[in-house]
């Protein structure tokens, strides 16, 4: 009997070479009390916090597996909400870097995240077409808003009113009343996807960005305000507040909004358009916190910046226009024309929203963020398409504002995909990655020789007429071989030649031989003893030649599509080939027989390399995975998952302890060999468990009978965590049943024996500090995450509910954790209403619950009311002592003072 072959596990060690990934958005974050210095960027599954001034990474918010798709900082600057590809949301503390709160409710990637003004609620939009409003403080979902027919692109809370505004790829903009959780208005004035929307002019105007070069402007009028005013419309300006000229007719004769009797709250009227310079769609549209600066960009490298003028500034501008118009009218009348000095000046949208400047970045913009400082300086930060972060500053109030680039984060990242990797021979230096050089080789067929110490280009040679597809260094390191699209394999030797600029000799390369073939050459590889050369051709075969005579030796035929990558084992006995047909074939090099064909990846196999001194090899694929294989036993050993895009190549260190891989997601990942043995049966078992957990999340949600608006109420999603939490509740109730029965039995035994008999204590209860069975159930409820509570109760079978209702009554009477207990109680009553009301046994329990709940909730409400009154009193006392206003009051008080002062100044001017 042969011993089981032992393998060692490789684990993820580091992610590097990445500045920011493309799927998410860049945002300014406040750290150490500084605004405008630090930015958060998505970095595959992590979030990196960069210091713009130093160009250093100062914090990593560790993700799990899924790629980050959306970021949103909280208004207080202490937290960052992060949305992921699988629809989950995590809230990280920027002080500790930990993500303690997780929300699971969406079935697809998060596309939009927005906090309300105080940071207590978070609205999330997703590709699954739903919008969910989350309670951040209670860590639970409030409601799900269904209505869009395609991905939600933006969600905004209105500050003054309890309303939410959402836009989608279904061309609709929807208004939601959060008190009733229904959509009361749908704006249908767009012909294409609505990619962004912002509110300006104290939330009285809405700007939307679509798939054309127009930014549409809409005036929002709350009907209540109109009723309050009940004044005749002001005449067109002679200096009084001017009406905006409606410069746009409805397109195609379709009304811009659907005015229905249900528009009780507001009306939206299209007042015109701002024309962008870009011809393509709006990718991002945003305003700064003050609402004064509006900016947008398309799929190019230009950010267009606009300034939203205040009422006073607009009035000033209109007065100037008026003056000019009167002057002109006077001039005309003095020339003998009709003496009519009635001047009609109309204000256009362009008078209110002015173009400031364009900021041109060094590459295509993926996302941006703005900060407008009180000093009037605008800071804009950009995440670019080529793995780069740039920041610019601009003074919008200057006569001719010019953007100035203030910082650039480039170090430690390639601008384009890394296509080839190599470890240095000493095993400790970091791997060299070539991106741009490889592109040059592939496109032009040129060979470039660089000096690594100085980074200088020593020589460029036109090696092939077409693209140069492959290069292999000879094992004796005296030369190399190249293969290209000109159907030739060329052999090169290194040589020392005299440098023209100095007396020293420098390294050069000269061509020695050429092997002409009938097909394009895709890949070339030397055998370790340098006797054979393997050449992969476009006709799906691999030809083996003798290096010394260039005579043909073997043809490996069997792949359905061309072989993209291959490698020869250290002893020269095996060659493994990876193809675009998703298969890897292992061949003997003595007779060219195929030992085994393995279905390796779900897409093309892109790279293949043997581990030194072994018959184990790694493959990478376009399916984002790295796999390790045993070429002797034809076993799949392990899969390394981490990359989020196609993996182009990998390199194994000379010792085999490290593997580094590069991907289209711009990241380089290091994998380290541990001393932990890997048992194949266990690996398969873990894989099956992971597949089961994934299938649990994809199962349909349980339907609640008689629940008409069920979708709006349930914000959660079934996950493996909620299933485990439900199992814990079931186990706790079963333990409570068993222990209660045991204790009854014990009492009967004691009564019969006429003395106290020792009761055996359950080890679980002992571990919790020898608590009662009912207290153990309460502990389990306290241990469930707030965001998973409802979903856990939803999958709980009804047979456990009667016991739970009795226990909840007992707990509420004790008076602790009232909020948590009421949440559980009301949810259970809601979802099992029919069964509970039809069960006569539960009527007395419900009656008791009614009494205890009302009295205990009243008590809690009284305590909270008392505490609030006490805090208000303390606040007033502190203010009286220090004459300092608290937070929100201070700003409103300051604004009020400002208004009064302006009024006084106007009065003085009038009297003088």
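Glycine is no exception: its Cβ is also placed from the backbone N, Cα and C atoms.
Any TrEMBL annotation is an automated prediction that lacks curation.
Matching 127-160, 161-194, 195-228, 229-262 against TrEMBL, the residues noted as region 'Disordered' span 229-262. Between the listed ranges 632-651, 652-671, 672-691, 692-711, TrEMBL ties the annotation region 'Disordered' to 692-711. Secondary structure of the repeat 'WD' (61-102), assigned with DSSP and counted as helix (H, G, I), strand (E, B) and coil, comes to 0 helix, 23 strand, 19 coil. Only residues 6 or more beyond the boundaries of the repeat 'WD' (103-144), in the same chain, are considered here, and those with a CB under 8 A from a CB of the stretch are 69-72, 74-76, 79, 81, 83-91, 150-157, 159, 164, 166, 168, 170, 176, 178, 181, 711-717, 719, 721-722, 785-791, 823.
Counting residues of the domain 'Small-subunit processome Utp12' (774-876) by DSSP class, helix then strand then coil, yields 92 helix, 0 strand, 11 coil.
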